[in-house]
Amino acid sequence: MASPNKAVIVPGNGGGDVATHGWYGWVKKGLEQIPGFQCLAKNMPDPITARESIWLPFMETELHCDEKTIIIGHSSGAIAAMRYAETHQVYALVLVSAYTSDLGDENERASGYFSRPWQWEKIKANCPHIVQFGSTDDPFLPWKEQQEVADRLDAKLYKFTDRGHFQNTEFHELISVVKSMLKGPE
């Protein structure tokens, strides 16, 4: 598989300007300092419900996520990244605050991502590199679901106890992980 030439940040739902929200803009700036590497962080359509039927086509046609793309997905964005990788080849997934169910939340249920079983084997077949960041003190996601994602995808898991839902403004570890992917196999 060809070396990656870009990263795409797929944000969590909730709206707000992606470029200025949380760590997204900070990571974008850091990754764009890598020569010949591009990082996209665009505002997503349908930002509140984050419907699969809207987000996945946008990832394909507007963000051009392909086999040379590292998809960095946060929360709902991590879920979109996993569903996308069920049917598309991508270079890598970097999943931040990933989970496996609608958590009994009406908005999550309406998104459509949880209407069928996960195709874990297809994700692994389409994506040779999977890294996950999770925190045991996430106020929205039970650790059990985060751990299930790591186990099912054989992800390289960075487990924290003090990062909550990763809503901080900087994310040094994520930049290091992407840089290590550019240097070759982990």
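Yeah, the Cβs are placed from backbone N, Cα and C, and that goes for glycine too.
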Which stretch, out of 3-7, 63-67, 148-152, is listed as region 'Involved in binding to RB1' by Swiss-Prot? 63-67
Could you check which of 41-55, 56-70, 116-130 is flagged in Swiss-Prot as region 'Retinoblastoma protein binding'? 56-70
Sequence-remote contacts (6 or more beyond its ends) of the region 'Retinoblastoma protein binding' (56-70), Cβ cut-off under 8 Å? 1-8, 10, 40, 42, 44-45, 80, 83-84, 88-94, 129, 178, 181
Helix, strand, coil: count each for the residues of the region 'Involved in binding to RB1' (63-67), based on DSSP. 0 helix, 0 strand, 5 coil
Please give me the CB contact count at 10 A for S75 (active site, charge relay system), counting all chains in the structure. 24
